[in-house]
Amino acid sequence: MVSHSELRELFCAADAVCFDVDSTVIREEGIDELAKFCGVEDAVSEMTRRAMGGAVPFKAALTERLSLIQPSREQVQRLIAEHPPHLTPGIRELVSRLQERNVQVFLISGGFRSIVEHVASKLNIPPTNVFANRLKFYFNGEYAGFDEMQPTAESGGKGKVIKLLKEKFHFKKIVMIGDGATDMEACPPADVFIGFGGNVIRQQVKDNAECCRSF
């Protein structure tokens, strides 16, 4: 585990920091909360655990979970309004300090853009710095699938986003922070990966991450 001084040096050297969202920036797993709201919590939570541990390809796990949940547009909106996600203690201050130093902060999530944009607004992160999956709905609001063309919809997608950011903005050092296997596999192209275990510890990440910290 890195020391506070070593962690500070990593952040000081970065010109961009990318955060996972579920179980990192927020305390919950958004898809599990949506499943609970829709009454299929137990089956979906087990799928999430296997997906985050790297045991199942991410797109396959996402497809399977959403086919069980079948969330409507109204249910997603009600979830955000009635059960908004809880920010992880310390994240608001960390993001604020990074922004004060003109470090670009991005949210890269395998979760859903509608929920992630709500989180971003609480952290003063612009929607243009959000990369997440888009749910699709029929004209009557019923679930119609998700946008499979989004890079975050598949394993390796977070790395594709970081590669894109490097090409577009010419960042010299990007730090990726997250709790799951999909976060760890984004380094490279991220220059540093910090495994976050403040909300949940994924054994694979703990055993293999270069750095493991809580905020």
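Just so it is clear, glycine is given a Cβ too, placed from its N, Cα and C backbone atoms.
Residues or ranges marked as active site, nucleophile in TrEMBL: Asp20. If you look up TrEMBL, you'll see Asp22 marked as active site, proton donor.
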When a 10 Å sphere is centred on the Cβ of the residue listed as 'active site, proton donor', how many other Cβ atoms does it contain?
29
Within 10 Å of the Cβ of Asp20 (active site, nucleophile), how many other Cβ atoms can you find? Include all protein chains, please.
25
